[in-house]
Amino acid sequence: MGILFTRMFSSVFGNKEARILVLGLDNAGKTTILYRLQMGEVVSTIPTIGFNVETVQYNNIKFQVWDLGGQTSIRPYWRCYFPNTQAVIYVVDSSDTDRIGVAKEEFHAILEEDELKGAVVLIFANKQDLPGALDDAAVTEALELHKIKSRQWAIFKTCAVKGEGLFEGLDWLSNTLKSGSG
């Protein structure tokens, strides 16, 4: 009876839960973004070996956010977390122009995964505060986002340490998930 009431309450008042994966190469800023969204502050981070998972309540959606390590040796295990995922936040270090090609390859490999076919994609072009950072148009071109035809996606310029662009991206994500596109 309690579960039935909770579901009815959620459907009337628009509460929704969503499983979100935060993916990207190592040192892109994934963990900084997770804790900026969850706690509203920058925390000191170390490379993620495995994953961090936190709940972020935003705009009547309870996001269960999984931040997965981005090191080369960990990326093959990302697929273990794909089932039941409604959205992917792909974080790119916009200042790491040497690895933008690798970021593109990993991104397009994710898009090909059957278990993520229905997931919407939010791209954070992170580290906009650093010299030489590519803007969102350049990251769009580098990742070949124009090739994405079969799903909802958006890109936002972000600076995780300053909190810039993160909530604009979360607004887009929550609105997209609420509208049933995700």
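We count from 1, first residue shown onward.
The backbone N, Cα and C atoms fix where each Cβ goes, glycine too.
Under a cutoff of 8 A between CB atoms, and with a sequence separation of 6+ in the same chain, the neighbours of ASN27 (GTP binding site) are PRO47, GLY70, ASP93, ASP96. Residues annotated as GTP binding site in Swiss-Prot: 24-31, 67-71, 126-129.
Here Swiss-Prot flags GLY2 as N-myristoyl glycine, drawing on a curator's inference.
Residue density at GLN71 (GTP binding site): 12 other Cβ atoms are found within 10 A of its Cβ, drawing on all protein chains shown. According to its DSSP assignment, GLN128 (GTP binding site) is coil. Long-range Cβ neighbours of LEU68 (GTP binding site) (same chain, at least 6 residues apart, Cβ-Cβ under 8 Å): LEU21, VAL22, LEU23, LYS30, THR48, GLY50, PHE51, ILE74, TYR77, TRP78, TYR81. Neighbours of GLY24 (GTP binding site), defined as other CB atoms within 10 A of its CB across all chains, total 26.
Around LYS30 (GTP binding site), a 10 Å sphere centred on its CB holds 30 further CB atoms from the protein chains shown.
DSSP assigns GLY24 (GTP binding site) to coil, not to a helix or a strand.
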